[in-house]
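Listed in TrEMBL for this protein:
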- B:17-36: transmembrane segment (TRANSMEM)
- B:42-60: transmembrane segment (TRANSMEM)
- B:67-85: transmembrane segment (TRANSMEM)
- B:91-114: transmembrane segment (TRANSMEM)
- B:121-139: transmembrane segment (TRANSMEM)
- B:173-191: transmembrane segment (TRANSMEM)
- B:221-243: transmembrane segment (TRANSMEM)
- B:255-271: transmembrane segment (TRANSMEM)
- B:278-299: transmembrane segment (TRANSMEM)
- B:311-332: transmembrane segment (TRANSMEM)
Amino acid sequence: MTFLSTIKAAALSAAMIVSVALPAAHADEQYFPLQSYRVGPYAAGGTGFFGGFIDYLNLINIRDGGVNGVKLTWDECETQYEVERGVECYERQKSHAGAAAWNPLSVGIAYAMIDRITADKVPLITVNHGRTDSTDGRVFPYVFPLLLNPYSETSGIVNYIASKEGGIDKLKGKKIVVLYHGSPYGKETIPIYELLAQKYGFTVQQIEVPHPGNEQQSQWLTIRRAKPDFVVLRGWGVMNPVALKTAVKVGFPVDHIVGNVWSNSEEDVIPAGDAAKGYTAITTQASGNSYPVVQEIVKTVYGAGKGNLEDKSRIGSVYHNLGIVNGILNVEAIRVAQEKFGHRTLTGDEVRWGFEHLKLDPAKVEALGAKDLFHSINVSWDNHEGEGYVTFQQWDGKKWNVVSDWIAPDWALLRPIIEKSAEAYAAEKGIKLRTADDADAVTTN
Amino acid sequence: MAAITSDFSFMPVLPKWVVPVLLLAFAYGVVPLIGSSYLFEAILLPFLALSLAGVGLNILTGYAGQVSLGSAAFMAAGAFAAYNFNLRVEGLPLIGSIFLAGIVAAAIGIVFGLPSLRLKGFYLAVSTLAAQFFVQWALTKFSWFSNDSASGVIDAPRLSIAGVALDSAIGRYLFALTIVAILTFLAYRLVSSQTGRNFIAIRDNETAARIIGIPVLKTKLLAFAISSFIIGVAGVIWAFAYLRTVEPDGFDLDRSFQILFIIIIGGLASIRGAFFGAALIVVFPLALSRLGGFLLGDLFDSGVLDMSQRIVLGALIILFLILEPDGLVALWDRIRRRLLFAWQST
């Protein structure tokens, strides 16, 4: 009898503790569900990006005690970049209270989540990638391809090539070959290259490299016959170093190859060895560890033994810095939303409002210790990309050096195409276009 | 006790339909009431889709003895065909597009089944690989299949039957459950029919089957067609009810292997086996990852955890196949026999 009553009392008090303590514990926490990938073919990108993201969240917790006292929490669920694992992780992690935003870093997983996060009203961040037409906030209220969508990236690359040739009018009659990865990601920019070629009068030839791309002899022989002025490398993973090595083999000058935003990391050039010397690639965030925010992470987070990267030499690498920039964008969106809704755990919809008012001008970026790490962002309710600037970096055999100013993609040219595509999606799915007033209606609990 | 025992001694001779009917009643009546969204979205929907694919492959491999590594290609064909019928044929009900998608998958199955007339065993498995690579290549190469969507990824249409929307997790679950139940019943009827016996005859001894007058060519192609039809419909469930999006990459060789493992682990030439195998393949890794995350999540990062789960899973599967080569079905039957025997002897 005594045993039973002890159990009963224990159960009762446990229930009391849970019912009382849990809301209290969550009252000042904001949770990040991280669908990360640390194994599988894309682990290099996953460990770097999520490492940087976690490092920045840790920095905010250790240095500032959270965002205005609201502590940041997270847990990881391994996706291996596979869609169904990502969906399982989503279902597993969404029951956690106080989710701020989803950052799967996978086009496939992001596509599968669009319906789900829209129903659950939590933002989905696809920094530097994702579905181009989700830039249109009228149709995709919860999806944010922050900084750079694939079309802007294309425009940035073409503008850079134009500046190398001495102006946009000099593109006329030039020839550009796009070597793209045979996947949904690789194909996303085919129509926009055709369109820009028509507009600026250059010819474009787009050549597919079947996944995974570890054999490219025939593609590069075709390129040699075509004698293009520039080759744009739109690769992923092992395809990139193989492309650089094969280019050297067929005698194509590597400094006339321009890499896209997923062909721009140390992991893409180091395996190619000397063949990569002189290779240029686009980026939204410069590489290197000299930026104050990276230095603070080294001092505060790694100094306390809480750093996420096992290999310390990867601190400040392209993927790590992208993770840090992604951390800055997420945290600042929370800060913006907190100013409006109060310094407390926010709902997903409140964080969405925060992202839609996320405006970091260069001065603000400097105050965050990220001057020159990335340029600026200006998100609004109907522009979910936020006008990110791009820059170009050249590999010297040891490190990336920035070789251009910050370049603005031609947003005015791209916007009508994006809107057309988004409206077609809305019609197909029966979505009513959102207005500015709809965007200000926020679910607060 | 004796009286009770004699009352229950008729258990082994219960009519065969009782257990499936009870299970279905549970699945329709109880599960929707108690299930959480996680249960439907992450466990039951992939389980149902993979079970159905397993049933389809079991007809071809388990009953008719033709090894195939092209299952994922037939799933992809079904998914993309259903999407295109739904998109391009005005007024075609969802069920109509699913049926036609099955037909398309069956047609592709017949084409890639033709080598089976000359090739056997591993050689046939290798030639069905052609289906795997060809279908994936064609779907990526020709953007018409994905309605010229820029990235080649398509969104599933809204699910509704006779005006009833089925877009919620429970709705999609019931939708998938109904299709799986119907097709499984038909498959069950098929394998106990004359055609099913022809399949087995060809599997066990093709020459003997030919001598007793079984049309080998026709029967093999029929097995490919029916199997691909079912797998194609499973692909539709995978794309429309489970993931709600579909890209060719999702139907890669790994998926084909997964389905093959399901029927090997579950039990070849057994309809139930596909369900046992799918349950193991879907639930076991999740349980293991939950357990690993719960016990060791604070000590290791998710990559290390995931790697160790793979090792454990692989070791368990090897161990299991050594101990019970006939699959989970055989294990289950043995346990049931033991239990009944123990019951009766008390």
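Heads up, the Cβ atoms here are built off N, Cα and C, so glycines get one too.
Keep in mind that this is a model prediction, so the values were computed, not measured.
Within its own chain, the transmembrane segment (B:173-191) has Cβ neighbours under 8 Å at 24, 27-28, 31-32, 35, 40, 44-45, 48-49, 51-52, 55-56, 59, 63, 98, 159, 161, 166, 199, 226, 230, 233, 237, 241-242, 271, counting only residues six or more beyond its boundaries. The list of residues near the transmembrane segment (B:42-60) in space but at least 6 beyond its ends in sequence, with Cβ under 8 angstroms from a Cβ of it, reads 31, 35, 66, 68, 71, 74-75, 172-173, 176-177, 179-180, 183-184, 187, 190-191, 199, 223-224, 226-231, 233-235, 237-238, 241-242, 258-260, 262-263, 266, 268-271, 273-275, 277-279, 281-283, 286. Taking residue pairs at least 6 apart in sequence, the transmembrane segment (B:311-332) and the transmembrane segment (B:255-271) share three or more C-beta contacts under 8 angstroms.
Sequence-distant contacts of the transmembrane segment (B:311-332) (same chain, six or more residues past either end, CB-CB distance under 8 Å): 261, 264-268, 270, 272-273, 276-277, 280, 284-285, 288.
Sequence-distant neighbours of the transmembrane segment (B:221-243) (same chain, 6+ residues past either end, Cβ-Cβ under 8 Å): 41, 45-46, 48-50, 52-53, 55-57, 59-60, 63-64, 66, 68, 71, 74-79, 81-83, 98, 101-110, 112-114, 116, 156-157, 159, 172-173, 175-176, 179-180, 183, 187, 190, 195, 199, 202, 250-251, 259.
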